[in-house]
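Novice: Supplied in structure tokens, the structure appears directly below.
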């Protein structure tokens, strides 16, 4: 069930040369919570088509690094300071190699979403699995004090997953950016300041 939303944010993204309207979700989170800072090392999970990498690169600047990972390839040519990898974020070996080669990271972002079936319970369960993978990646790839932002569909698993984030991070917030479609069940969980293990 895939379709393109040709709304205000779609046209704004085209006009401003972003690869997807999803950039405005991250932009709103950044405006509110100041997750990204110049010089940060950022890991973007589920990075295709690349608008979150574009935006993160603008914030971290030339002294920072943005590493994007997605099952699909990303065709856009990014400036220096952006590394794009094709891989499965549920693979524990990927987490180890990312940490060794590019980490530790200051921020882990995840806009991952499952292919939706239209069956709300099944879709939220698949979203929860992706969220858990992102959280596990954050635990292994973030430096202590690092930040985490991840999409999650509201469902039965929400409160359990939120408690897991609260155990790992000092400050946790849940938000639904204005750029999210009104009928969408997506929300974003923000974890700031990863606790030392």
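Glycine too: its Cβ is placed from the backbone N, Cα and C atoms.
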Novice: Can you match one of 31, 70 to the S-adenosyl-L-methionine site that Swiss-Prot gives for 50, 52, 88, 111?
Specialist: 70
Novice: Measuring Cα to Cα, how far is residue 151 (active site, proton acceptor) from residue 111 (S-adenosyl-L-methionine binding site) in Å?
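Specialist: That comes out at 5 Å between the alpha carbons.
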Novice: Per DSSP, residue 88 (S-adenosyl-L-methionine binding site) is which: helix, strand or coil?
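Specialist: In the DSSP reduction, residue 88 (S-adenosyl-L-methionine binding site) maps to coil.
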